[in-house]
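The structure appears below as structure tokens.
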Amino acid sequence: MKKRTKKVLEEEEEALCCCEYVNRHGERSHVAACCCDCEDLDDACDRFLKREPQKPESLSQVAEVVTDRIRVPWLWGGARKLELSIIPPLILLPALLHLAAVHFMLGLVVLTALPGLVLWYYYFTHRKKGRTLFFLSLALFSLAYMYYLFITEVLPRGDVGLLQVVVVSVGVVLTLLALIHTKREPGIVRPNQEAVHSTVTYYTPLADRDPSLNGGRQDVTMTASSWMGSSEQAEVEVKESSRKNWCTVCRVVRPPRAGHCRICGVCVLRLDHHCVWINSCVGQANHRSFLLTLGLFLLTSLYGISLVLQSVCPRQNLLTALLYCPGVYNQYSTALCFTCAWYSSIVTGGLLHLLVMQVINVSYNVTEREARIALREKTARSAFWGLVVDTGVYSRGFRGNWSEFMTMGDKLSPPSPADLVALVDDCKHRE
């Protein structure tokens, strides 16, 4: 292993051309040789032709070889690996939308089956806890393709003015900028071993009401100076604990409300959930920009859908045009625009539901992770078929919860022990 690592480092020191790369065996290769020296694939083909049973690991090995060899030439650092999950949306989405525009019944079948296939793939990948770029690719390509069809199909019809095109374009750009900002940093818990000298365990009724706090015990780290100078020392029981709130994967002590994401493999401050549509966690640092991204996308999408329906169904009311638009399938261009409006409406409806859930959770100061755990442990009040979940642990009222949410991105450091004791006292007074 050391020899292989040394070999990789030596080869990386040499300048790679745009079509060269270092493969998974640490050897220098070229994109033109993607079909050469593939022993795993040759062995699988030989067994298939000879009607012999395949080895249990043969398919996974062939998939690893294919994934490693599909590269895109790059000017700096050699050819880059291309994630295979990016490709299907680029091919299937245009093909299915054009097929749905041929006839009304085909459109009904496609627009019904497409969300079902996406949901099936979501549950399939979610069960394996694997990371995929399929949903991010589908989201970005859907936005880009809808905008492309808006410019090439709707704009030439003459029903859309220049100002309306500018508004849609600005909305698309702002959505992409907000998405880029959301993907930067969710608020990863960083290890800080230099200032850690002891572990303080707070035994409080708070843990009974918050199942995510280490099964009845809330552990935080303290520096020697803050431990000696803490005025609340008499209110807590201090002892060395062998069972810390310790993440064995990240090797960090998780502060309250932090959680470990098994897909990203990191601990995130105030973890809300892992969003497959942005291929990133939503946590303390990017939760506000995540809601901003959803809001911008929904506003842009609703405005774009209204413009399309006004163009292809000018005699119908906007609220009924999606359900009844006579003669829309007489021309393929109008049928394609109508189909894309329906597809955009389905996507908008799903994201609107997500935004409503997020706004409700913020209003009650509960994360999606905490709500899911509380419902499973039956320690929370729920209403409206589970849409509203109130754990009653961190809520400070509607205004206080939104005030904390709007300012929490500026507090990326874990809370101090004094803050935790203040939180415990506050909960005691509430009880």
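Easy rule for this one: first residue shown is 1, then count along the chain.
Any Cβ shown, glycine's included, is placed from N, Cα and C.
Taken from TrEMBL, the feature domain 'Palmitoyltransferase DHHC' covers 241-371. The transmembrane segment feature in TrEMBL is assigned to 106-124, 133-150, 162-180, 290-312, 332-356.
When each of the listed stretches 133-150, 290-312, 332-356 is scored by C-beta pairs under 8 angstroms to the transmembrane segment (162-180), 290-312 comes out highest.
Mapped onto DSSP classes, the domain 'Palmitoyltransferase DHHC' (241-371) shows 66 helix, 16 strand, 49 coil.
Mean pLDDT, taken over the domain 'Palmitoyltransferase DHHC' (241-371), works out to 91 on the 0 to 100 scale.
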